[in-house]
Structures are given as C-alpha cells and as structure tokens.
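Data block below; observations after.
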Amino acid sequence: MAMKRVAASALRAFTSSGNSTSSLLTRRLHASPGSKKIVGVFYDAKEYAAKNPNFLGCTENALGIRQWLESQGHQYIVTSDKEGPHCELEKHIPDLHVLITTPFHPAYVTAERIKKAKNLQLLLTAGIGSDHVDLKAAADAGLTVAEVTGSNVVSVAEDELMRVLILVRNFVPGHHQVISGDWNVAGIAYRAYDLEGKTVGTVGAGRIGRLLLQRLKPFNCNLLYHDRIKMDPELENQTGAKFEEDLDKMLPKCDIIVINMPLTEKTRGMFDKDRIARLKKGVLIVNNARGAIMDTQAVVDGCSSGQIGGYSGDVWNPQPAPKDHPWRYMPNQAMTPHISGTTIDAQIRYAAGVKDMLDRYFKGEDFPPQHYIVKDGELASQYR
C-alpha cells in the first residue's frame with residue numbers, strides 16, 4: 001500500500017545516510033491512523049456561492065466534502081488567505097496533515113513551508129498543475145503530491161479554441177466599441193482574419209494539446225505540434241497534425257502558437273526576448289499553461305511593437321495578478337483571470353477526484369497512477 005511504501009522508502013533513506021533526523025523518517029513517524037487536519041485553499045465566491053449548487057471550487061462550498069470529512073472525525077479548515085507570514089494558512093502549516101489547493105488561487109508551497117510543516121504528508125491539487133509546490137523539496141521530504149489529472153482538459157482545450165478565434169477575428173476591440181457607444185468597423189476589420197488556412201502550432205501535445213488539435217481540424221488549418229513524445233500514427237492521422245521535433249524550427253512557421261506544457265525549470269522563461277524576436281511578425285499567442293513560461297516584459301514589448309499581433313490567456317505570474325501587472329495594460333491582449341479550467345463541469349470532476357484520493361489516503365491505498373506528481377521521492381516525468 002502507498003503509505004507502507006513511503007515508510008519503507010523513508011527507512012532506507014535513514015539507514016543509508018546514518019542521519020537520525022532524516023525528514024523522510026519524520027514523515028513516516030507521523031503517518032498514523034486517526035483524525036487528520038486538512039486545510040483547503042480556494043478563492044472566495046461571496047455572493048456567487050449560492051447561485052449554483054455545483055459551484056464547488058470556492059471557500060464557501062469547499063469542494064462539497066466538509067460534511068463527509070467531519071463525519072469521519074477529521075478537521076477541515078478552509079481559507080483564501082494564503083500570502084505573508086501572518087496569513088491564515090501560515091497558522092495551520094505546523095500541524096496540518098493534508099493541504100488542498102487549486103491552480104486558480106494557488107497556495108505557494110515553498111521549501112520553507114515544507115520544513116515548517118512537520119505533520120504534512122499529502123499535497124493535493126484540485127485541478128491540474130502542481131508547479132505552485134516546490135516539488136524537489138516535497139520529494140526530498142518524502143511527501144506525496146498528486147492532482148486530478150484529466151479533470152479539466154476539455155474545459156481548457158475549449159477555452160483555447162475560443163481564444164484563438166477571439167484573436168484571429170480581433171473580437172475584443174469590437175466588443176469594447178459596443179460598450180463605449182462607438183461604431184467603427186474599419187478599426188476592427190483591418191486586422192481581422194479567417195482561421196482557415198492558418199498555421200497553428202501547439203507547444204506540448206499532451207491531453208489538452210491533443211484535444212485542441214482535434215477541435216481545430218474542422219477549421220482546415222495547417223496543424224503542427226512539438227512535444228517530448230511523438231503521437232502514435234493513428235492519433236496523428238486523426239488530428240491531422242504534423243510532428244516538429246525542433247521547436248525553434250516550428251515556431252517561425254506558425255501564425256498562431258498555443259502553449260500547452262507544464263512549468264518546469266526547463267520551460268520557465270522559455271519565451272524570452274530572443275525567441276519572440278524569431279517568431280513570425282504579428283504572431284498570435286495563446287497561453288493557458290503557466291504565465292512564467294513567458295518572459296513578462298518580453299511579451300509586453302512584443303505586443304507594443306507588433307511583433308506579437310495578439311496575446312490571450314488566463315495564467316499570470318504571480319497569481320492573483322497585482323493591479324499593476326503590465327499584461328493588464330498592454331495592447332492587443334485578451335487576458336482573463338485564471339478561469340479556463342474551473343468551469344462548473346470541471347469543478348464537479350476535480351471535487352470528485354479529490355474526495356476519491358482522500359478516501360484512498362485514509363485507507364492507505366494507492367491513487368490512480370496518473371494522478372501522482374511526486375511519489376516515493378520521485379518526480380513525474382513531465383516535471384523532470
């Protein structure tokens with residue numbers, strides 16, 4: 001069982017190092033049955049919380065698992081206050097056993113917080129993307145990190161397709177005209193195009209990237225993809241996409257680039273000033289992956305100069321984005337808060353996934369393999 005394997009791994013690390021204060025062994029000693037303290041960090045919904053009974057991903061509705069947890073004797077603390085030394089989350093760090101957070105309002109789990117969290121055993125992401133966790137520190141501490149893989153891939157892929165169309169058709173300025181009482185067709189039409197015939201490349205072709213390619217195929221685009229792993233021929237034929245092994249050869253071919261890769265040390269800042277300068281002038285970029293994959297100022301400069309013809313996404317660095325974040329004010333942007341993966345349908349799926357993993361955790365059972373990001377001190381391949 002999962003807890004037994006973690007314990008065995010911890011004991012091996014302890015005996016091989018000769019260190020009696022091994023953090024891995026400490027985690028094993030706290031992996032005992034009984035009541036657990038679980039902390040959930042979500043965004044506040046306020047007056048919207050009661051408008052939909054399936055609005056589960058907020059502090060008020062807390063994934064819909066409060067009654068279930070408390071009926072089993074567990075303590076469930078829920079907050080949106082996650083930043084700074086005096087925040088509500090910080091008060092619970094020393095004695096919590098499980099921390100649940102989301103990519104939409106992430107609790108940043110640093111090495112310092114992990115060191116303070118002496119009882120912590122499990123970090124769960126309600127959704128997809130665990131880069132808000134210092135994964136190396138979590139692995140070194142013997143923690144398990146998991147997410148609800150697949151829970152919002154349809155939601156994000158649909159959102160990406162919407163953003164592609166919004167940028168291609170120059171929709172946002174037209175919408176702003178309506179709000180402001182203007183009527184200037186020329187001010188929109190001079191940079192509005194058809195999607196048909198354009199070259200669209202996805203950087204990353206995992207679950208979301210593949211769904212996007214499938215949804216783009218009926219638009220008769222020229223579809224390209226770059227990934228660590230080439231699709232099998234049948235799937236490649238279904239999407240109609242061509243594999244590009246060399247990213248920097250693919251990117252200048254693209255009229256539209258969609259980012260679909262996780263944030264890792266290798267991808268952080270990947271789209272910097274030099275790489276953006278090598279793209280086709282006027283390229284459109286959609287990024288629902290992670291804001292830190294882009295160099296923030298390089299994107300601003302690219303949009304201002306026209307090198308980037310339009311930029312749309314819902315991910316920022318940091319999150320929530322401060323009021324003075326430059327992406328809020330750069331030209332030709334169609335940005336939103338982080339919403340693509342938190343549709344009501346996705347919330348139902350990731351709430352159910354969190355409940356299932358907590359149930360397995362209480363019973364000492366393994367999670368579905370695809371949900372693990374850190375297990376037995378090993379990182380999932382996409383984060384290495």
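Every residue gets a Cβ built from N, Cα and C, even glycine.
According to TrEMBL:
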{"type": "BINDING", "residues": "Ile128, Asn152", "note": "substrate binding site"}
{"type": "BINDING", "residues": "Arg207, Ile208, Asp227, Pro262, Leu263, Thr264, Glu265, Lys266, Asn288, Asp314, His338, Ile339, Ser340, Gly341", "note": "NAD(+) binding site"}
{"type": "DOMAIN", "residues": "70-366", "note": "domain 'D-isomer specific 2-hydroxyacid dehydrogenase catalytic'"}
{"type": "DOMAIN", "residues": "162-340", "note": "domain 'D-isomer specific 2-hydroxyacid dehydrogenase NAD-binding'"}
{"type": "SITE", "residues": "Arg290", "note": "site 'Important for catalytic activity'"}
{"type": "SITE", "residues": "His338", "note": "site 'Important for catalytic activity'"}
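Overlay of TrEMBL feature records on the structure.
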residue: Ile128; record: substrate binding site; CB count, 10 Å: 24
residue: Asn152; record: substrate binding site; CB count, 10 Å: 27
residue: Arg207; record: NAD(+) binding site; CB count, 10 Å: 18
residue: Asp227; record: NAD(+) binding site; CB count, 10 Å: 19
residue: Leu263; record: NAD(+) binding site; CB count, 10 Å: 21
residue: Glu265; record: NAD(+) binding site; CB count, 10 Å: 11
residue: Asn288; record: NAD(+) binding site; CB count, 10 Å: 25
residue: Arg290; record: site 'Important for catalytic activity'; CB count, 10 Å: 24
residue: His338; record: NAD(+) binding site; CB count, 10 Å: 24
residue: Ser340; record: NAD(+) binding site; CB count, 10 Å: 24
- request: For Asn152 (substrate binding site) and Arg207 (NAD(+) binding site), determine the Cα separation and express it in whole Å.
  value: 10
- prompt: How many Å lie between the Cα of Asp227 (NAD(+) binding site) and the Cα of Arg290 (site 'Important for catalytic activity')?
  reply: 16
- prompt: C-alpha of Ser340 (NAD(+) binding site) to C-alpha of Ile128 (substrate binding site): distance in Å?
  reply: 11
Field: From binding-site residues Arg207, Glu265, His338, the one whose Cα lies nearest Arg290 (site 'Important for catalytic activity')
entry: His338
Statement: Rounded to a whole number of Å, the separation of the Cα atoms of Ile128 (substrate binding site) and Arg207 (NAD(+) binding site) comes to 11
- request: Just report the maximum Cα pair distance in Å for the recorded NAD(+) binders Arg207, Ile208, Asp227, Pro262, Leu263, Thr264, Glu265, Lys266, Asn288, Asp314, His338, Ile339, Ser340, Gly341, no decimals.
  value: 25
